[in-house]
Amino acid sequence: MSKKTFPSFKFRGGCFNLLFKGSVDVSIKTRMKRIQINLILTIACIQLSTESQPTPVSITELYTSAATRKPDPAVAPTSAASRKPDPAVAPTSAASRKPDPAVAPTSAASRKPDPAVAPTSAATRKPDPAVAPTSAASRKPDPAVAPTSAATRKPDPAVAPTSAASRKPDPAANTQHSQPPFLYENIQCVHGGIQSIPYFHTFIMPCYMRLTTGQQAAFKQQQKTYEQYSLDPEGSNITRWKSLIRPDLHIEVWFTRHLIDPHRQLGNALIRMPDLPVMLYSNSADLNLINNPEIFTHAKENYVIPDVKTTSDFSVTILSMDATTEGTYIWRVVNTKTKNVISEHSITVTTYYRPNITVVGDPVLTGQTYAAYCNVSKYYPPHSVRVRWTSRFGNIGKNFITDAIQEYANGLFSYVSAVRIPQQKQMDYPPPAIQCNVLWIRDGVSNMKYSAVVTPDVYPFPNVSIGIIDGHIVCTAKCVPRGVVHFVWWVNDSPINHENSEITGVCDQNKRFVNMQSSCPTSELDGPITYSCHLDGYPKKFPPFSAVYTYDASTYATTFSVVAVIIGVISILGTLGLIAVIATLCIRCCS
């Protein structure tokens, strides 16, 4: 065995580095074995480094499906490793290219043995004496043997040079490269689910068209508001505007109004039943809403809808939330030809208005029915108010309660509940305290509770009398409220400005009330004069309390003169009679 000195050589690849250097005593068989191992490792690294990479998709390919897109002849095919291809060389990946029958397989695992060579393993087969034992780095390729390196082999003239980005997959081949992403257009809105907006408020629903790739699952939104630049499809250098939405698609906006069913309720939540859907917007020429005056007028008066030429911003603005604009809004991307819905987005909008609640008690007279009223005014949604009456004796029965609901022109509602309780002897005083309990259901989550207590005012019937005392007309009222009631005098159906009243005592039946008296001077005019005394200050629903007296000054004077004459005559006759009696007695005495 002779001592040989081998030159230094390196095998470099993406996965390993090998370096053999030194002077060793080896046999020819051992040297050939090492060379074969190095060749196998080199071929494996070349195969790994030339694997195909995912093919990037340009923005111009976004509107073309993967099944129909053709390669741009003006674009040079490039491999994933960014090498510049030789026009004569087909840049195909090792994983997907078909072997040339005239080329020997380059992989140790896949190449077929030469019939002229005995099928021996790499570890045991003997080298060909006709082949000089040279290293892999320095040996020259055999003209009869096809080059085994992807970087150095020449293409087969029978094979068409194709790029990795443009070649069509062979159905029979096991293709491993990634397919271009599938593109579809999607409508996306800022809001979603259920939105609760106050009554009469403005609500904006921003919605935009976006491009979605199925493979990358990413959104690509256009930077421009309506349209984007693209090359003219005829291939000229002139640029023009191209719509973001595909020409075979169009956008529709539908509205379904909600109607509340008063007979259905889930807990405190109101059941809203959908009405017939109405189309508010469409940018399709076949469905242009301008041709439908009724729908177009409704949309124009209640909404700000997108322009028919827009291709990106499909936002809708509700000018004023009310009963007519409450419901579900649906945006749909529709295929114009097949009518299939590509994508859709819905927003349910509800509205509410907080009510104003007042509770008042109705004043009554002793013996009349107690009454109280609970007024829940201007609320929304309808059928969202619950009223319950209670007193110190418990819940008040429904047979004493009367309810009434009124709807206003603007869609709001009012609810009036009245309770009437007959008086009983044991309830005359003090009067019962009546409580109104209100529950307003805004939606299935929020509600408001309100309660108020009212005590009816009970008044006894006043006793009013009138007469003349010492030349004055005197009016007396018994059992009237202190500081509330005052006297009003009328003479011959005309009010007079005369205030003269005083408290003379307390009411015998109820010490909370007093007795009062007022007087008015008589007139000296002849003829009958009517004096009336009215009690002012009682609730308007009470009947009037008054007393009337007629006085005639001339009749009073005539009556006085006749009486005076009669008295004078009687006095004279009496005097004469007395004189006659005295004279008679004197005559008798003298006799």
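Each residue, glycine too, has its Cβ placed from N, Cα and C.
Look at Swiss-Prot and you will find 1-561 tagged as topological domain 'Virion surface', backed by sequence analysis.
The annotation region 'Disordered' is assigned in Swiss-Prot to 70-179.
Taken from Swiss-Prot, the feature disulfide bond applies to CYS189-CYS207 (among others). Around CYS207 (disulfide bond), the C-beta neighbours below 8 angstroms that are at least 6 residues distant in the chain are ILE187, GLN188, CYS189, VAL190, ASP313, PHE314, SER315, VAL316, TRP331, HIS345.
CYS374 (disulfide bond) falls within a strand when secondary structure is assigned with DSSP. The disulfide bond annotation in Swiss-Prot covers CYS374-CYS436 (among others), and the record cites similarity to another entry as its basis.
In sequence order, VAL464, ILE466, ILE473, CYS475, ALA477, PHE487, VAL488, TRP489, TRP490, SER518, CYS520, SER546, ALA547, VAL548 are the residues of the chain that are 6 or more apart from CYS533 (disulfide bond) and have a CB within less than 8 Å of its CB. The disulfide bond feature in Swiss-Prot is assigned to CYS475-CYS533 (among others).
The 10 Å shell around the Cβ of CYS507 (disulfide bond) contains 18 further Cβ atoms across the protein chains shown. For CYS479-CYS507 (among others), the entry in Swiss-Prot reads disulfide bond, with the evidence type similarity to another entry.
Feature annotation from Swiss-Prot assigns transmembrane segment to 562-582; the stated evidence is sequence analysis.
According to Swiss-Prot, the topological domain 'Cytoplasmic' annotation covers 583-591.
In sequence order, VAL359, ALA372, CYS374, VAL387, ARG388, TRP389, SER417, SER451, ALA452, VAL454 make up the list of same-chain residues 6 or more apart from CYS436 (disulfide bond) whose Cβ falls under 8 Å from its Cβ.
Across the range of the topological domain 'Cytoplasmic' (583-591), the DSSP-based residue counts are 8 helix, 0 strand, 1 coil. Just so you know, of the disulfide-bonded residues CYS189, CYS374, CYS475, CYS479, the Cβ with the fewest other Cβ atoms around it within 10 Å is the one at CYS189.
Taken residue by residue with DSSP, CYS475 (disulfide bond) is part of a strand.
Mean pLDDT for the topological domain 'Virion surface' (1-561) in this predicted model: 69.
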